[in-house]
């Protein structure tokens, strides 16, 4: 019984294990079934209800029991794609914002410059307003009449006048009268009639009745006027009148008083092309002496001829056989020095000496010379007392060659300006009288411009200029001030004394009152800081380029310049040239000389910040470039070709340089003259010395335009017009002739080509041949080549200078 129990217990244990395993399997299956049932979609739930249920779920993770794995993945992909799209769009927006930010950052310096420019304009306007307030109360009125000093009308035999005041009644010559002149003849010979016509042509303020005249000129052939009155000029074309008690000013060759005018009115003029050249220096004779005075002992001059010399010393005792005019001129023209003795033929020989380039050695300290109280004859002649005749040979041989050539040149210039022909002599006499009486001439507008657009100088229509203001890469060029004209006719009375020497001996143009003066006196530099002298000055504050660009500074009051732009058959090129000048500081006006005489211009041209005036001309003439048009209201003139492309900073630099060198041509392309073989040639090759500046881009004083048009030899202008070339060479010759100075080159520019221009004068095959010939012809006309060499150019002070970080250069590129 016990064994069975044990056996039954062993069989019971495995059955329990099996039962437990089966139970475990049952629970697992049950759990799986329950799990599947819970995640299955009940058949009674529709798809729409399920979608609605999903859409209402806010927390996907907490409600995943409503989704299948596939749906979850698809939804997550959709969300990811949406987020990526949003990120892409945001990135694009960020890039756009960054671009705008960079553009704004880039514009900040330009806007700061614009702000500085506006501040400069406001400051300039405020200064101008203050200046106008200070000057608005100036009373302008005509001067009072001169005092009428009581005079006794003595008979000529009772008193001898010894000064100008004894024979001039100033009450008839107000300073505002412009010196009215009456002219008539006492004797009716052919010479008197010719002189009458000459005076009537040159007198600027001619009156028909003597009672309205300040000065009365009586032309006579050796006969004194029977009715001697005050303010009379006796112009004698005959034998000298000996009447030292006369109340008239005598104009004759001899027998004169201190206030008379010693002039040979019958001197025979010779064509200028026949004048003896200044070079070569050596001449056949060293000294020539013509002895006309029979009262002198001819043997007294033997010591002079005995002096040792490599060149002859010629002494001629005058007689009717060997003293013809031709013989005298031949002797004078072949001599370096002409010794002149006081005689009846003194003025004839004196003028011939000046004309033919023989240095006059005047053997007298008392001999009067033409207009000697105004003309400095020391520059062209040499005086010696007769007692120094034995020493004269040593004295003249000590002269430097350069001094002798300069005396020849100045003597020739005096002759050609004041004494060469009847018209010049009459004009010089009137100028001398005007200086003695201190009366300005009337303003004569000889160059009144004709508007191109009917009665208007400006175009009927204007086009907007799209060119932005040129600040030259963060460099301000100057404030855009309101237009200001140069003060004209400011030296109407100081010209008679302070500037008298310059007018008669340097610029040699005293015949008319000047609109401007090239080298007028400058105030001390500190004048710009004193209340009573600061008007017009624009001082530069301490600093470097930033301060420099805000004001004009310099040694003179503020001023502007006028562009004179010559154009012919290139409308598109002209339009581009005008647009490049937009917003250019210190520009007063642009004058376009329209050389297209065969057609009218278009009605539409660029509208700039200053007026653009078009002038109609009568012919296509290159000389039109240098006409002193009345529309030019500034001293500074920028002569431009329509095909010249300059940076604005280059123009401003050249203007600043010109302000300190007003008597010279200041510009860009340089040229020079060079000798090859026996001839002189025009040369445009690169060189280290130059003698000319092309006037297609150059600053010139307006006075030189007047000199070019009215004082330069007319045959030069005629040649320029005939060949349509060389006007720039002619201007360089003229300025160097008047100043004996070379032009000034600025910046490194050597050529200024126009890539878009299909036609140009310099492209002609004969261009250089014409210019070679021009130089030779002009040299012949002047009697020498006046061009001077220069071996430097002008750049701004801080150009190529290393500066600290907090400093700025004057200009960026020049």
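Keep in mind that glycine also has a Cβ here, set from the backbone N, Cα and C atoms.
The candidate list 538, 675, 771 contains one residue that Swiss-Prot assigns to the UDP-N-acetyl-alpha-D-glucosamine site with 570, 595, 620, 625, 641, 642, 643, 727, 728, namely 771.
Looking up 6, 492 in Swiss-Prot shows the N-linked glycosylation site annotation sitting on 492. For the binding-site residues 641, 643, the greatest number of Cβ atoms within 10 Å around a candidate Cβ is found at 641. Here the topological domain 'Lumenal' (36-814) has a mean pLDDT of 86 out of 100.
The UDP-N-acetyl-alpha-D-glucosamine site in the record is lined by 570, 595, 620, 625, 641, 642, 643, 727, 728, 771, and its two most distant CA atoms lie 24 Å apart. Here the recorded positions are 570, 620, 726, 728, 774, and the one whose Cβ sees the fewest other Cβ atoms within 10 Å is 620. Of the recorded residues, residue 728 (UDP-N-acetyl-alpha-D-glucosamine binding site) and residue 774 (disulfide bond) place their C-alpha atoms 11 Å from one another.
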